[in-house]
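Working notes for the structure below.
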Amino acid sequence: MSVHIGAEKGQIAETVLLPGDPLRAKYIADTYLENVECYNEVRGMYGFTGTYKGKRVSVQGTGMGVPSISIYVNELIRSYDVKNLIRVGSCGAIRKDVNVRDVILAMTSSTDSQINRVAFGSIDFAPCADFGLLKAAYDAASERNIPVTAGNVFTADQFYNDDSQIEKLAKHGVLAVEMETTALYTLAAKFGRKALSILTVSDHVITGEETTAEERQTTFNDMILLALDTAL
């Protein structure tokens, strides 16, 4: 066991899907996995292991924000030797050519978080996705005829934030805003693991269009299928 994950050694697969919402973790396990075992309920942050098309896969909720996902990614890697980490989360679009419910493959992540300033000082470390996972997800999207956009996202430290920088980010090609990817990619790089964020646009910062909480929990199925196919 680790501090925040109650699993025994061997209960967690080498590949783990990482939804922020623990109820999305339960939805994924109930809907897509077979032979499911719940290995974690600590703090209500559910974790499950099962099989998808014969491949052993785990799903672990992470909570919201850089500090929370950092706890779970650290423990999954250091205590359970997880090799592949695939975030399945929501994001807010900041460009007019990106629509609500679109799927984004995050190639890299800019941020206003201090996580990398603390680690690297004045150096601007640019964390990126694992190319093998990125390519696998892109190929899976092509096979399933699921449109995807690959590019830069922005990991914000605040959910309710000043929008003054949004226009500048959009002009520089940033597709959407979320709260975890920089931490995931930085920790994967630190420990020599593979990571990818697959995101569904849940709301649009510019137009104001948004999905409901229930939709965010249970209907982002294209993203989930791509993540599971990538796990194979």
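Just so it is clear, glycine is given a Cβ too, placed from its N, Cα and C backbone atoms.
Fair warning: this is a prediction, and the values are worked out from it, not measured in the lab.
Swiss-Prot annotations:
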ACT_SITE  Asp203  active site, proton donor
BINDING   His4, Glu178, Met179, Glu180, Ser202, Asp203  purine D-ribonucleoside binding site
BINDING   Gly20, Arg24, Arg43, Arg87, Val88, Gly89, Ser90  phosphate binding site
SITE      Arg216  site 'Important for catalytic activity'
Cβ neighbours within the same chain of His4 (purine D-ribonucleoside binding site) - under 8 Å, at least six residues apart: Val42, Arg43, Met45, Ile71, Tyr72, Glu75
Most distant Cα pair in Å, residues His4, Glu178, Met179, Glu180, Ser202, Asp203 binding purine D-ribonucleoside: 30
Helix, strand or coil at Ser90 (phosphate binding site) [DSSP, three-state]: strand
Neighbours of Arg24 (phosphate binding site) among the recorded positions Glu178, Met179, Ser202, Asp203, Arg216 (Cα to Cα, within 10 Å): Arg216
CB within-chain contacts under 8 A for Met179 (purine D-ribonucleoside binding site), separation at least 6: Gly20, Met64, Gly65, Val66, Thr155, Ala156, Asp157, Phe159
Maximum Cα-Cα separation in Å among residues Gly20, Arg24, Arg43, Arg87, Val88, Gly89, Ser90, which the record lists as binding phosphate: 22
Top Cα neighbour of Glu178 (purine D-ribonucleoside binding site) in the set of recorded positions Arg87, Val88, Gly89, Asp203, Arg216: Gly89
Which binding-site residues sit within 10 Å of Asp203 (active site, proton donor) - Cα, from Arg87, Val88, Gly89, Ser90, Glu180: Ser90
Secondary structure of His4 (purine D-ribonucleoside binding site) (DSSP, helix/strand/coil): coil
